[in-house]
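Feature annotations, courtesy of Swiss-Prot:
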- 2-77: domain 'Carrier' (DOMAIN)
- Ser37: O-(pantetheine 4'-phosphoryl)serine (MOD_RES)
Amino acid sequence: MSNIEQQVKKIVAEQLGVNEADVKNESSFQDDLGADSLDTVELVMALEEAFGCEIPDEDAEKITTVQLAIDYINAHNG
């Protein structure tokens, strides 16, 4: 597991109040982890802060699973 993958899973668990062991790469934030739209906005903000990148709204809407978040950070993290 990469450092980015570990960090993303930790942030997801903290933001959504779930056990880190329950955060799988294929987990959907809304369907599997119980996030609502406000949770996902806060999650994106936490990812932006943690990785020092900006995630435009049109991209944030497409990040619906843990793996998509990991892929986005890997592609856009300096």
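Glycine too: its Cβ is placed from the backbone N, Cα and C atoms.
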**Report entry** the domain 'Carrier' (2-77): DSSP-derived helix, strand, coil residue counts
**Finding:** 47 helix, 2 strand, 27 coil
Report task. Summarise the model confidence on the domain 'Carrier' (2-77) as a single mean pLDDT, whole number. Result -> 97
